[in-house]
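These come from Swiss-Prot:
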ACT_SITE  His41  active site, proton acceptor
ACT_SITE  Glu68  active site, proton acceptor
ACT_SITE  His210  active site, proton donor
BINDING   Asn6, Arg17, Gly211, Gly232, Gln233  3-amino-2-oxopropyl phosphate binding site
BINDING   Asp8, His9, Arg43, His48, Thr98  1-deoxy-D-xylulose 5-phosphate binding site
SITE      Glu147  site 'Transition state stabilizer'
Amino acid sequence: MLLGVNIDHIAVLRQARMVNDPDLLEAAFIAAKYGDQITLHVREDRRHAQDFDLENIINFCKSPINLECALNDEILNLALKLKPHRVTLVPEKREELTTEGGLCLNHVKLKQSIEKLQNVNIEVSLFINPSLEDIEKSQILKAEFIELHTGHYANLHNALFSNISHTAFALKELDQDKKTLQTQFEKELQNLKLCAKKGTKLGLKVAAGHGLNYKNVKPIVKIKEICELNIGQSIVARSVFTGLQNAILEMKELIKR
């Protein structure tokens with residue numbers, strides 16, 4: 001299984017002080033050496049990664065670059081100019097802390113944007129909710145890749161197997177008894193398995209990501225149809241204590257098949 005290392009949260013740390021440290025390019029070199037792919041989300045408001053980050057990483061890193069971006073003309077034109085290995089189209093809201101759900105596949109610009117990217121040999125992935133309907137739509141749209149949103153799975157795992165319910169970060173919708181949470185967790189995991197199988201059957205390459213960490217990744221690794229995981233925040237958080245190289249290698253060991 002391949003690991004895409006999302007380095008957005010290195011940029012978060014840099015932007016917190018609006019200085020040039022930590023150096024995102026240095027992080028990209030480490031991610032390229034020990035991971036399989038660099039994933040970077042250039043948001044419309046540029047709150048984390050900047051255009052020059054993407055350009056530098058594409059110019060100087062040998063690793064495949066997976067650009068996450070919304071259906072935004074300015075950023076799509078940047079992608080067409082710089083030509084990352086892949087573009088993963090994601091939904092985006094200005095007020096969100098992180099990507100909250102899968103892409104709306106009925107967006108009028110979506111098909112046209114996919115074709116433009118593919119015409120310059122950029123692979124296209126769609127970040128989607130794990131639903132059979134969205135997988136079928138992705139195949140109709142002729143995307144090469146889908147990335148299944150694992151956020152709900154991750155939230156359920158956290159509610160079941162951590163102390164988050166006793167903290168300010170608890171989710172109100174998951175304020176339920178353990179038996180109910182366990183049932184929902186098993187249902188969501190089974191749904192991810194069915195979606196991965198469906199995607200593969202339709203000829204799509206299947207990735208997964210969002211909220212995955214060192215505690216919850218193992219059940220996802222067992223879904224053989226998923227060929228790649230894109231993981232960022234948990235790796236960067238671990239790197240504060242272990243260093244980025246060790247944090248990546250630790251995750252690589254966990255996802256080894």
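Backbone N, Cα and C atoms are what each Cβ position is placed from, and that goes for glycine too.
Quick caveat, the model's predicted, so the values are computed rather than measured.
Locations of recorded Swiss-Prot features on the structure.
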{"residue": "His9", "record": "1-deoxy-D-xylulose 5-phosphate binding site", "Cβ within 10 Å": "18"}
{"residue": "Arg17", "record": "3-amino-2-oxopropyl phosphate binding site", "Cβ within 10 Å": "8"}
{"residue": "His41", "record": "active site, proton acceptor", "Cβ within 10 Å": "25"}
{"residue": "Arg43", "record": "1-deoxy-D-xylulose 5-phosphate binding site", "Cβ within 10 Å": "20"}
{"residue": "His48", "record": "1-deoxy-D-xylulose 5-phosphate binding site", "Cβ within 10 Å": "20"}
{"residue": "Glu68", "record": "active site, proton acceptor", "Cβ within 10 Å": "28"}
{"residue": "Glu147", "record": "site 'Transition state stabilizer'", "Cβ within 10 Å": "32"}
{"residue": "His210", "record": "active site, proton donor", "Cβ within 10 Å": "25"}
{"residue": "Gly211", "record": "3-amino-2-oxopropyl phosphate binding site", "Cβ within 10 Å": "19"}
{"residue": "Gly232", "record": "3-amino-2-oxopropyl phosphate binding site", "Cβ within 10 Å": "24"}
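Over all protein chains present, the Cβ of Gln233 (3-amino-2-oxopropyl phosphate binding site) has 16 other Cβ atoms lying within 10 Å.
Secondary structure at Glu147 (site 'Transition state stabilizer'), taken from DSSP and collapsed to helix, strand or coil, is strand.
Each of the binding-site residues Asn6, Asp8 was assessed for Cβ neighbours inside 10 Å, and the highest tally belongs to Asn6. Residue pair Arg17 (3-amino-2-oxopropyl phosphate binding site) / Glu147 (site 'Transition state stabilizer') shows a Cα separation of 32 Å. Here Gly232 (3-amino-2-oxopropyl phosphate binding site) is positioned 11 angstrom away from His41 (active site, proton acceptor), judged by their C-alpha atoms. Secondary structure at Asn6 (3-amino-2-oxopropyl phosphate binding site), taken from DSSP and collapsed to helix, strand or coil, is strand. Counting only the Cα atoms, the space from the residue listed as 'active site, proton donor' to Asn6 (3-amino-2-oxopropyl phosphate binding site) is about 10 angstrom. Our reading of the 3-amino-2-oxopropyl phosphate binding annotation (Asn6, Arg17, Gly211, Gly232, Gln233) yields a largest Cα to Cα distance of 25 angstrom. The recorded positions close to His9 (1-deoxy-D-xylulose 5-phosphate binding site), defined as a CA atom within 10 A of its CA, are Gly232, Gln233 out of Glu68, Gly232, Gln233. Within 10 Å (C-alpha to C-alpha) of Gly232 (3-amino-2-oxopropyl phosphate binding site) lie the following recorded positions from Asp8, Arg43, His48, Glu68, Glu147: Asp8.
Only Gln233, of the recorded positions Glu147, Gly211, Gln233, have a C-alpha within 10 angstroms of the C-alpha of Asp8 (1-deoxy-D-xylulose 5-phosphate binding site).
Between the C-alpha atoms of Gly211 (3-amino-2-oxopropyl phosphate binding site) and Glu147 (site 'Transition state stabilizer'), the distance comes to 13 Å.
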